Amino acid sequence: MDFLRPHLVLCLAVAWIFIFCGLCLGTKSLGKVSYFTAFFPYIMITALLINGLQLQGSYEGIIHYISPDFEKLSDIGVWSDAATQIFYSLSICMGGVITLASYNNFKNNLFQDSILIVISNSLTSIYAASLDLWPINLENQ
């Protein structure tokens with residue numbers, strides 16, 4: 001078993017402190033912060049895309065990514081990995097989301113919000129994987 005890395009433990013503690021303070025201050029203080037935290041990851045993903053498109057062999061990486069291998073669909077391991085990815089991407093840190101959801105109007109359309117979250121999560125995963133991971137994989141080979 002590896003030992004704890006102090007700089008990573010410190011980063012995690014700082015992140016938890018920010019989350020705790022944000023949740024204690026309520027939704028009014030989170031309004032402006034949420035604009036940054038919602039859009040900044042997409043800006044970074046797009047920057048990685050632009051960088052990845054400039055790498056040698058990026059065209060071959062795109063072709064490899066969009067060429068499906070239907071034989072793999074019969075492998076149970078692929079389906080297990082896909083389900084694991086969905087559980088992680090929709091479940092980690094849900095305590096803060098549940099806390100913020102307690103401020104919603106009682107008659108809020110929960111079904112519509114759930115569908116929006118699942119669709120945006122799926123599109124973000126596809127965007128990040130298809131546009132950013134293939135150039136990194138090509139560069140490392």
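Placement of Cβ uses the backbone N, Cα and C atoms for every residue, glycine included.
According to TrEMBL, the protein carries these features:
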- Ser89, Asn121: Na(+) binding site (BINDING)
- 6-26: transmembrane segment (TRANSMEM)
- 33-50: transmembrane segment (TRANSMEM)
- 86-103: transmembrane segment (TRANSMEM)
- 115-136: transmembrane segment (TRANSMEM)
Tell me which residues of the chain lie with their Cβ under 8 angstroms from that of Ser89 (Na(+) binding site), as long as they are six or more apart in sequence? Asn121, Ser125
In three-state DSSP terms, Asn121 (Na(+) binding site) is classed as helix
